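One structure is given below, encoded as structure tokens.
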Amino acid sequence: MAGMMILNNGPLPDMKPEIDIAAHLRSDINRLKGEFYDLEHGRVDYESMRSSDAYRQYAECSRLLREYGLSRLDSREERLAFWVNLYNTLVIHGIIELKIQESVKEVSGFFRKIGYVIGGMTFTPDDIEHGILRGNRRQFHGLFRPFSQGDPRLRHIIDPSDPRIHFTLVCGSSSCPPINFYTPERIERQLDTAAAGFINGPEVEIVPENHILKLSPIFKWYRTDFGGSRGIVETLIRYLDQGAAREFLAAHGTAAKIAWKYYDWRLNH
């Protein structure tokens, strides 16, 4: 894409060649989480992060990805944690470097405009989300799959995909799921926790008396990932807390009307 900004260009940091890059990145991302992520409210302190030593160290370490062999990610759990964390920090990296003030909508095509080179291949946030994590599925408004036949990135897609990733990917906006940090050892439990947190939060509202489900547009955009309307209802039932809303869904969910909530693209700061 013309005008793409590769965020991990620059001189490679002086580190031992045998360093585990994925583990080192996890450590740097975890440090950013500890200093600048408000996990309770799902916010990021971009302004303080911009001038911090932790951010500088992460940005330098991200350059090592240019020489990282993705085949070193052995398990599905390692790959899920790696790509989810990388998506979230790539978006944060882009927000800071492009000096976004109020919304990622300030930059046309933001999720295709920024990228990392990883093992000689370029990945944008769209490539990571739709190509890798969604198993090379087209966007809801798109005509084509992200990776065409013969694309070397196809070797790294996660298939079958897991719809719970939609509760982990943070697009830098207020209606996104809250940001977190994921580890291979706990990724399954963390995906369940992320799903439960989102579904029991303000982006899902069940109104039994009116037979209406007021849902985040995330469920509309990725309807096929969840298995259609029935799959959406089953996901809600699985993760909703016990109570009247869950009982209503179990009895009448597939017959209820779905209304889509407003998606707030204002920056999550």
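Cβ atoms are placed via backbone N, Cα and C, with glycine included.
Residues or ranges marked as domain 'DUF547' in TrEMBL: 73-199. Note on the domain 'DUF547' (73-199): DSSP counts are 64 helix, 10 strand, 53 coil.
If you average pLDDT over the domain 'DUF547' (73-199) in this model, you get 95.
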